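What follows is one structure encoded as structure tokens, with my remarks underneath.
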């Protein structure tokens, strides 16, 4: 594959008279770890990178022997490295897992079609079976179609909701026991900040969990929870990694949190782990009303409302009302409108509450 390096993640070459690796004490240091600032050689970096992920898997009992595990594969750097490392660790430590690649084709011309080619190469290189599910097949709409209907402002809402459900549906087709995603430490720190800014107590209470959805059909795990994005980029520096940026999300809200996280990291590299730790230590007041988990009356997907978000959004698209279900827009007329308003009020009451530290 073609290698590509994210902002600030360049591998620093050795210089004459440079320090020895702090780990082995034999080879010259080739880079400074973004996570710890330790100067280590290339060989030791690969070892500690893989060992830390293995330790995260073991300490959190992420898998059981014999489980079928679907790897969410987008073709980007995180999922590409995840597929390679998890496949390698599965053989090295005899996890006994049956691994698959699972990709979602959102139908974004010039973006997803290119990244899917990378996933297809991963299928051959890593020897892992690949399953691709598409928005078109699942929902009857591509993201290109949705953007034509809704515009650029709210399209990320549709894509995020549909993709989460598409992964679950694809994993169910594979009869998977678990889904693993390439969410890294930077992603989780960003999510903590976003949920604080939004006042979303329900999501804040679970966004740092390494495994989520245990009460649903298929749990999701994040083996890269404590792995820095820069180190994920450095890991395949000499081999491979594409970085794909969605053409429809240049001004996504998450981007502002991402820039803030990068600024904090430049001043204090441990800031990312500190934010995650703070999120782990959040406690919700016992007086706070939380949403009750149920299932969608229409599709059976997990939902805290009568209809899941995907069904509400899809209904709006099919009725020619693409903004239905976004923001404060109310659905339906008459009694339906009143019921929807009551549900929104209940949801808001469950969303906002008090923090205990």
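The backbone N, Cα and C atoms fix where each Cβ goes, and this holds for glycine too.
Predicted automatically and left uncurated, TrEMBL annotations should be read as such.
Keep in mind the model is a prediction, meaning the values are calculated, not measured.
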Range annotated as region 'Disordered' in TrEMBL, from 298-327, 328-357: 328-357
Average model confidence [pLDDT] within the domain 'Cytoplasmic tRNA 2-thiolation protein 1 C-terminal' (294-324): 89
Secondary structure content, the domain 'Cytoplasmic tRNA 2-thiolation protein 1 C-terminal' (294-324) (per DSSP, counts of residues): 10 helix, 4 strand, 17 coil
